[in-house]
């Protein structure tokens, strides 16, 4: 049979293609018609219904498959997290817990507070299940007549309500209002600093050199136009980083006859002393003017080391001194970017460069530190340098005019923050400071929580020591009154004392108390909106860290315990305020340094030829080399931090109490803050210490 030709089939095929069809009519009264889509009337309805039903079934199956996969992934992540926690805790040594020493007063107070909170929570739970829901109403109705008293336990509970409302709530309200005022004042100060930084960026304000100094074509000459520069590298048992810091300093682009490097080694380990001495000898043989100094009597920590080095007779021939800690790696043009700022500025005493971190992305702890330090350098140091010509010397990556050091009294051993001490005394003597935000020096941040905690304790106890010692000198100095007010009110009180005081008191003491005393409940904007806004301001200098805003906020509240304890120790001269512990380094290098080192070793090995050596001696040498290459296995340990753990249980207890009172925001804040304290207390953040 011949195939049947149907115009309807042809029309259906053309309409399925979706090709636009334009029909033109000769009569101008007709308009142009454009057909875009096929007519739905030609589509078979029964088949589409069957097809849609199958599609729905397949969609449901796909969604179920995705849900199962998601649950499997969550379970895998959860079990892997538990496994890593178990492995970390398995390394906890019986003696690896935190030593409280004379600072155990804070831990004892937290324990007492925790026991009282657990007792009150148990009492509240009994009352809750008995149906005494008085605490759900902020305006509590306390039974007064004997007819309303149901039992002896009910009588005790009513007595607790009366005691709470009449005697406990009023002082807590007063303290919370005081802390909220301090919180708002500090927030305004932080906001003003950010506005000042934006103004500097908008106006492109920065210290500039008037002309090009020390041209490269004059470098091969006598170098008489180059000032004499002394470079000091203080170190103490810095096995991991001594080599890269000495190497970087010895490659500074400066005439050799105008530069002297002092390696100030305070190590008490003879093997480390020998390593550093060999490194100095190696660079000395290459023509670098470098000296190794080791003190037999190690007093005064870093300040004593620097003071001893400045007492050498040959220092009188030098005009400037650059200081680098053992983990700092300056670029070769560092001196050419900093020293020219001193020319024709006799009042300038210090040029400070910015820190850059080679290990900022190593773990969560280093990322959170990077947020804080970026704000410190980008905002605080830059704004104070531009508008006040004064800021706290960071202790390293800076160049001092030696005359300014001498007129200010030199390095003193009275505190553990000798850098801030010399900066304040130089400011009182009228010297000005310059901060260079675009000159960066590579360094490390602590990768373990233990090292970071010790560093922060020293950084926050020292300023309080210094404040006690310098207050009279500030009041009797000849500087302007507004400079005295800035030093006392802003530099010391607001940013060094008030900040750790209110952050710990408000979020770690008052907030959990108010869960058991609902008459003094904190408003939501205090615990949620304002802290998030301030965290956003802190993250602005490091925009890539924006995903870590919530961990940053929680971790900063966790660190308030250490900072508050350090502040009190320094203010009242407790034992730990005089403790100096060298921050543990990992010895990280930049990627370019690692690549250069790899190339150097690969070129060195094939060209090594040993002559005049027998086969047996070659075998012994190879065995010794293999032993040197084998890494020394050092067991890493976890530490238990008692104060953080006690506060974790306290906040979680308060979270349970807030759950009974149906306080949503307070519950979630206390829950996540308590879990953060728990993770930190178990040393589950950062690397483990070896």
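Even glycines carry a Cβ here, placed using N, Cα and C.
Taken from Swiss-Prot, the feature transmembrane segment covers 106-126 (among others), and the record attributes it to sequence analysis.
According to Swiss-Prot, the transmembrane segment annotation covers 180-200 (among others), on the basis of sequence analysis.
Residue environment of residue 266 (active site) contains 22 other Cβ atoms, counted within 10 Å of its Cβ in all protein chains. Taken from Swiss-Prot, the feature active site covers 266 (among others), and the record attributes it to sequence analysis.
Here Swiss-Prot flags 325, 327 as substrate binding site, drawing on sequence analysis. DSSP classifies residue 327 (substrate binding site) as coil under the three-state reduction. A 10 Å cutoff on Cβ-Cβ distances gives residue 327 (substrate binding site) a total of 24 other Cβ atoms nearby, all chains included.
Feature annotation from Swiss-Prot assigns active site to 419 (among others); the stated evidence is sequence analysis. Annotation note: residue 419 (active site) sits in a helical segment as assigned by DSSP.
Annotated transmembrane segment per Swiss-Prot: 497-517 (among others), in sequence order, evidence recorded as sequence analysis.
For 522-542 (among others), the entry in Swiss-Prot reads transmembrane segment, with the evidence type sequence analysis.
As annotated by Swiss-Prot, phosphoserine applies to 614.
Beyond its flanks by at least six residues, the transmembrane segment (640-660) meets 92, 96-98, 100, 106-107, 110-111, 113-114, 117-118, 120-121, 124-125, 128, 135, 449, 453, 508, 511-513, 515-516, 558, 561, 565, 666-667, 670-671, 673-678, 680-683 of its own chain at Cβ-Cβ distances under 8 Å. The feature transmembrane segment is assigned by Swiss-Prot to 640-660 (among others), with sequence analysis given as support.
The feature transmembrane segment is assigned by Swiss-Prot to 665-685 (among others), with sequence analysis given as support.
Neighbour list (residue 419 (active site), Cβ cut-off 8 Å, at least 6 residues apart, same chain): 392, 393, 394, 395, 396. Across the fold, the C-alpha of residue 325 (substrate binding site) and the C-alpha of residue 266 (active site) stand 12 Å from each other. Highest Cβ contact count with the transmembrane segment (180-200) among the listed stretches 106-126, 497-517, 522-542, 665-685 falls to 522-542 (criterion: pairs under 8 Å). Note on residue 325 (substrate binding site): other Cβ atoms within 10 Å of its Cβ, all shown chains, come to 24. Taking only the Cα positions, the spacing between residue 266 (active site) and residue 327 (substrate binding site) is 15 angstrom. Here the transmembrane segment (665-685) has Cβ contacts under 8 Å with residues 85, 88-89, 92, 363-365, 449-450, 507, 511-512, 515, 521-522, 524, 527-528, 550-551, 554-555, 557-558, 638-652, 654-655, 658-659 of the same chain, all six or more residues outside its ends. Under 8 Å from some Cβ of the transmembrane segment (106-126) lie the Cβ atoms of residues 100, 135, 153, 157, 160, 509, 512, 516, 561, 564-565, 568, 642-643, 646-647, 649-650, 653-654, 656-657, 660, all in the same chain and six or more residues away from its ends.
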